[in-house]
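The next block holds one structure in the form of structure tokens; read it before the comments.
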Amino acid sequence: MPLILLGALNDQNLNPWGLTPLILKLVITGIIMYLVIFKTPLKHWVVRYRFWLVSLLTITAIIWQFMLVFNISAPIGFDVGTIHQSLVNHKVASGYLSLNPNNFFLFYFQHTILNLFNLSPSWINVNLLNLVCLDLSLGLNAVSIYVLNHRALLPLLILQDILMLLLVQVIVPYSDVMVLPFVSLMILGFVIAEKGKNTFLKYYGVVVCAIGALSTYLMKPSSIIFILAVLLWMLFNFSAVAMTRKKVMNYVIAAGLFGIIFFGGVSSFKHFEYHDKLVNVTKDQGEPATHFMAMGVSDRGGWNAEQVAKTQAMKTNKERSDYSQKIIQQRFKEYGIIGFIQFFINKNYANTSDGTFGWYHGDEPYIVKPAKTKLQSIFYEQGTHFHDYQFLAQIFWIMNILLLGLGFAMVDKYTQIFRLAIMGGLLFLLLFEGGRSRYLIQFLPLMLMLNALTFAAAKEKLKQLKMVFSSQ
């Protein structure tokens, strides 16, 4: 965590050069609001109606999101653009999805929802779907936190509202955002299974969790890290659980339910993928897992055009796998132990330092048209206030990292599982394709919920630090 914080503090987004007077105005407005709210009798009114005020902020954030979609949506390149072309031209889909079968569920998800509501595959429509995915995820997060600890709901809502105002990826209709409701559903299912007061509710939670995990895995396999964290926690604490015959039966039934839904669902969808009449996907043309690991240890650890071109030119899976393994072995020989440690430190910086989550970093071409409206001047790279946006997003990201660190005093089963999942996600990004912070978006539900659960502990730690420094 200290390395991630140092990286975020060192990011160019915090560079004061290029900021406009808008930032100063926002800072002054924030200070005045703080003094008026917390240093006057108005504080009691704010505390009393805090949930109403946060609800008003949530409504404002949703309106802001719709304004973003309708005002700054524009064509985006790379996989995002190819998926969009595939929705329009299914011949494009056949070729693209044969090479990238990992995006088949994403394509079919967008295609199915658009057809269900009789919507054309315009950029605005797919971005509206993206917006719904994000906000549905945030709503499910709120339900999970309310069940786990209702006192943590308010900080979660505030954090999520700020995220809604700053997350420009709402106009990037890709699996990074579209997987989020399934991740949140998976977590909610786990919470119901844990907190359910009767057997039916617990099994219902297992079913919900399995459906969420299945959809998450099909959309973006790395996002299933939460389930692995739960299994790891259960393994670590197995000896501490007093087993009875009833408990053993419940575990067996729960595992059976989860396994049937998850593994049966994966198998069924894979069969459907290669027998679907809408898109003709050619089998065994996709990249093996070692391909993404090979890219993960090359250059900055991100997407590598040369490796992709060579891999896709090969005819068999064995050739592609052997080529990727050869690259991995070469990197081990080139770097050595010390070199790899240095490489992973640098890659972790690239993975986690940018608070805009990779906006205008990679996946070219991004939006290149000039900024004409006030909103475009904030979020388009050519806009007057673009660096102001970068600065604010970076401050919010640093605040979240600080909360993760300061809240470590809060230790229970659920916070530890969230921590394990986040650590697992960061480790995955070190080993596989990464190199930019947009890959962190898939783990946002974990971070937001952990920060909400540990907010009181972080607040107490800040008070202690304040007392220490004030006494010196």
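Heads up, the Cβ atoms here are built off N, Cα and C, so glycines get one too.
Features as listed in TrEMBL:
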type	residues	note
TRANSMEM	20-37	transmembrane segment
TRANSMEM	49-70	transmembrane segment
TRANSMEM	128-148	transmembrane segment
TRANSMEM	177-193	transmembrane segment
TRANSMEM	200-218	transmembrane segment
TRANSMEM	224-244	transmembrane segment
TRANSMEM	251-269	transmembrane segment
TRANSMEM	391-410	transmembrane segment
TRANSMEM	417-433	transmembrane segment
TRANSMEM	439-458	transmembrane segment
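Sequence-distant contacts of the transmembrane segment (20-37) (same chain, at least 6 residues past either end, Cβ-Cβ under 8 Å): 43, 46, 384-385, 387-388, 391-392.
A contact between the transmembrane segment (177-193) and the transmembrane segment (49-70) is absent, since fewer than 3 of their C-beta pairs, 6 or more residues apart, lie under 8 Å. The listed stretches are 128-148, 200-218, 224-244, 439-458; of these, 200-218 has the most Cβ pairs under 8 Å to the transmembrane segment (251-269). Counted over residue pairs separated by six or more positions, the transmembrane segment (128-148) shares at least 3 Cβ pairs under 8 angstroms with the transmembrane segment (439-458), which defines the two as touching. Across 200-218, 391-410, 439-458, stretch 200-218 shows the highest tally of CB pairs under 8 A with the transmembrane segment (224-244).
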